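> Can you read through this structure? Questions will come right after.
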């Protein structure tokens, strides 16, 4: 007992604190003065609470004590004392207490979710050999709220009687629970109006109103009566779906059976809507309400495929054939006319030319069928977001989970990541259908607090973008634009609000940029305090001041707790590769209806009246890392986000972005969904957008824009089976990532895939035995009642494939249903969904869900599963993106290339020569890994088209071209040094064939420029960097790949640095002129010096020779200039801004040139001398 004096008496001084089911409720009963109550609840204060492991409890669970029930902490004031005591009330069959998962939507609508703040303000951690814990960041004051009664008691205030039998007619259709006595009272004295929905009881109207006459025919009596609306809550019937909720597995209601047995009609939320002539009483006025017209204009297509003009494409294909003929004739002539004077020179050149011809064929054949696509966003809006009879603005679009990945806060500035997050939160897509996940693979507190700052600033930035239709919605990019900000702006308050938001963003930038230093200072101060406390405790125990005290140098959060991820000091369990898993819900899921402010708030920077102020869900995820586990780099982080998002939001589609790639076009997601939701979209696994870059120097010295690949090669692949996946800017179908096969597929058999066999995978499954079934095939989700197919589904979802998380396995069916086409657009043999079935509220997130999400991001979850082998992003290569897309195409899926008028996404690229070469080295190394793995296109299945197979085979083959390219770049120098040439004489046949090859190549380039709409400058830059990369990074990639295959030496992964935004007054392209030496520069520098020296030697030798051979000199000089012109950007990059070259470049190049010259003199000594023994030095 606790006794406390109190001066102010009260008439009814009773205060009850109830703690149960993972949360506590504070209820005051007519207490006019503030009182103190002492609670024995184990969840009080900021105590760290342990979450129960395993599955979600169906009854009273959580961390309440005593195995259920509730605690009552009661205090009562007397005249001279204050008494507080605690009583534990156990549960009984008649008095069951509600858990957090049983809180009704009506209660959440009226009072808010009591656990929402706890989830949002709690950091969840867990991992290997550690418990899953919830660390409260800050505890808010407990709001007073009414105690929710048991479902077995009457819901009328002041009545605790049991409910009548559910089959009785005395319950209102709104679901309000009422006993028989209260029902009779309301029928007699309350006017027959339900106390819940304030609408007349149906039975009261039949018994008391004499003028009630049922006017429905016998046919209409078989249909379900209309479901009345409640003004004060969300009716559960509106949330019915054909797919059973995986968060309520014990639900007894069978939606499908209810629909078909009652002749119900599919409509909004799969609920039965009232007929148009049905009267809906309320407030004494006649009200009529119809469902939203989700089926309007269903026949109009969402997308169109526009072919290239025949006036361009036909000559283009003809030139390809002509060049093939010219190459065949040229190589035939070269082989049949050897140069006997320099047979070694001839042999080297012929081998290189044959390989170049083979490489050109691999690159050119997939370009035979380029296409262009367009979308119609107006049809998408009218079909899935109708304005007719839809005052709440409900949307039938599926959910999208957006993944943003980062790994190092130093190389990837937090300000860049924060701007990307802000552009995502402001995207033009239904807010309640979006969820953004940031994967911090480094576990950095800087990234964590930067994300928290971004979530806070989003409350101002997102409404500002929606109100004024801002583009782009990246604040750094928007405020850096040089154009007129007033263009196309009509609101008179735009200038004032823009100025305020700009000032707020400048302060936001200062806070973000100061975070590293701020966290270091905070941590130093807290560590010093901890050290003083440790020494004080040591003195109390009898120690001396001279004794040292070991205190870990922790990294501290702003709330005074230690950070659970990586520390600056790198202590045990807190280093970059050894830390716990962390999940923090930064922004909770929004409500399904738009939120508007009715009056202006003077504290707001902008006037948000008539502007939706909701924000999408935002989650911070840092997967667990421990020594001894292979974390599989970026692919492992992406798979961890796939599993966590499946439990928390479970969007049917996934968009992944790098931290430096932001949404430049706010309508980009809608354009991508047009392809997924149009007829035939159920066979599309992903929609790839082109990569566009900012911050590139105007001359694009190192071909950073890569327009030839994104605008020529990718468009051409779109005419086959689809473009490759390039790592970012891609919308995935979730079930395609899970490893499922498409509903329909086509096998291409015979020579060059000329024989096509179309089939449905479901029907084919029935005709195949287990041994005959393709190992890549996993059957799609089925929803009928066939027992055999249910067994197949269970077989496909065994834990050995997806892991032992029942949440994750149960979520697959829901994700598959959300990604279906509507019934009118579904293909033959595939499932569809009713229109309007996705216009429902998403299920709330509770602590048990986040606990399960922590479980699936642990480092050991993927053990003995198929994650990374068949499910999710594929492991085994640095270029996991190409392999993942290849696996999907190999199963028969298609992909689509979406080129929007306004760039969908924009990012940054390394403009420094060293960073660019390292980036190319990583890509080439991944291609070599693909070539020596089972992902080589030579082993592709018949479901992949022949030309698509050639394109993937070229991806693994192109680095090996560097071996022949190195030799061919040295050949002109050797020719000039020796005075010989690759042919014995420059006859007319050789020149004509060489001219034909050159002219056809140039004409092909011009036509490619014409249909792809790139520039000649872009094409030439691409050719230059092809030779630069082929003589520097690609040979090293081949060596690294061979070492990994032969010797098992793993390849290190180097993260590309992301440039931060330049401040005012700084040079935007300063990194372009920065020189950083790397060993990759040695081969190109050597080639440059050899060719320059060879030209000089050849000119002087010919000029002073008694019998000059000008034809050989011209041939050698021409090819040397061809090599030097391609290497010109590289040479310019070595000189830097002031034209200075590093000394190390000269030393290495001179050494290599000397060695090569001595070897050449040894093999081919000058005329008149013979070297028989070897090289002799004085």
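Backbone N, Cα and C atoms are what each Cβ position is placed from, and that goes for glycine too.
Just so you know, TrEMBL annotations are computer predictions that nobody has curated.
Positions annotated as region 'Disordered' by TrEMBL: 23-72, 208-228. TrEMBL lists 28-43 with the feature compositional bias 'Polar residues'. Taken from TrEMBL, the feature compositional bias 'Gly residues' applies to 59-70. If you look up TrEMBL, you'll see 306-331, 343-362, 951-974, 986-1007, 1085-1104, 1110-1131, 1143-1163 marked as transmembrane segment. As annotated by TrEMBL, UDP-alpha-D-glucose binding site applies to 405, 411, 412, 441, 633. Annotated active site per TrEMBL: 441, 881, in sequence order. Annotation comment: TrEMBL describes 634, 658 as Mn(2+) binding site.
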> Decide whether the stretches the transmembrane segment (986-1007) and the transmembrane segment (343-362) have at least 3 CB pairs under 8 angstroms, with pairs required to be 6 or more apart in sequence.
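No, the transmembrane segment (986-1007) and the transmembrane segment (343-362) are not in contact.
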> When the Cα-Cα distance from residue 441 (UDP-alpha-D-glucose binding site) is computed for each of the recorded positions 634, 658, 881, which gives the smallest value?
634
> Per the definition of 3+ C-beta pairs under 8 A with sequence separation of 6 or more, do the transmembrane segment (951-974) and the transmembrane segment (1110-1131) touch?
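The answer is yes, given that the two segments have at least 3 Cβ pairs within the 8 Å cut-off.
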> Give the maximum pairwise CA distance in Å, whole number, for the residues 405, 411, 412, 441, 633 listed as binding UDP-alpha-D-glucose.
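Farthest-apart Cα atoms in 405, 411, 412, 441, 633 are separated by 16 Å.
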> Compute the C-alpha separation of residue 411 (UDP-alpha-D-glucose binding site) from residue 634 (Mn(2+) binding site), stating it in Å without decimals.
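The separation of the Cα atoms works out to 15 Å.
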> If I take the alpha carbons of residue 405 (UDP-alpha-D-glucose binding site) and residue 658 (Mn(2+) binding site), what is the distance between them in whole Å?
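Cα-Cα, rounded: 6 Å.
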> On a C-alpha basis, identify the one among 412, 634, 658 that is nearest to residue 881 (active site); the candidates are the binding-site residues.
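Checking each of 412, 634, 658 against residue 881 (active site), the shortest Cα distance is to 634.
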> Which residues, given as numbers and ranges, are at least 6 beyond the ends of the transmembrane segment (1085-1104) yet have a Cβ under 8 Å from it?
966, 969-970, 972-977, 979, 1031, 1110, 1113, 1116-1117, 1120-1121, 1123-1124, 1127, 1130-1131, 1134, 1145, 1148-1150, 1152-1153, 1156
> Measuring Cα to Cα, how many angstrom lie between residue 634 (Mn(2+) binding site) and residue 412 (UDP-alpha-D-glucose binding site)?
14
> In angstrom units, rounded to an integer, how far apart are the Cα atoms of residue 412 (UDP-alpha-D-glucose binding site) and residue 658 (Mn(2+) binding site)?
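Given the Cα positions, residue 412 (UDP-alpha-D-glucose binding site) is 10 Å from residue 658 (Mn(2+) binding site).
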> Determine the minimum-neighbour residue: among 411, 633, 634, listed as binding-site residues, which Cβ has the fewest other Cβ atoms within 10 angstroms?
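Comparing Cβ neighbours within 10 Å for the binding-site residues 411, 633, 634, 411 has the fewest.
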> Non-local Cβ contacts of residue 658 (Mn(2+) binding site) (under 8 Å, 6 or more apart, same chain)?
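Expected: 404, 405, 727, 728, 907.
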> For a quick check of packing: other C-beta atoms within 10 Å of the C-beta of residue 881 (active site), how many?
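A count of 24.
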> Can you tell me how many other Cβ atoms are located within 10 Å of the Cβ belonging to residue 412 (UDP-alpha-D-glucose binding site)?
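There are 24 of them.
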> Measure from the Cβ of residue 405 (UDP-alpha-D-glucose binding site) and count the other Cβ atoms within 10 Å, all protein chains considered.
22
> What is the number of other Cβ atoms found within 10 Å of the Cβ of residue 441 (UDP-alpha-D-glucose binding site)?
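There are 24 of them.
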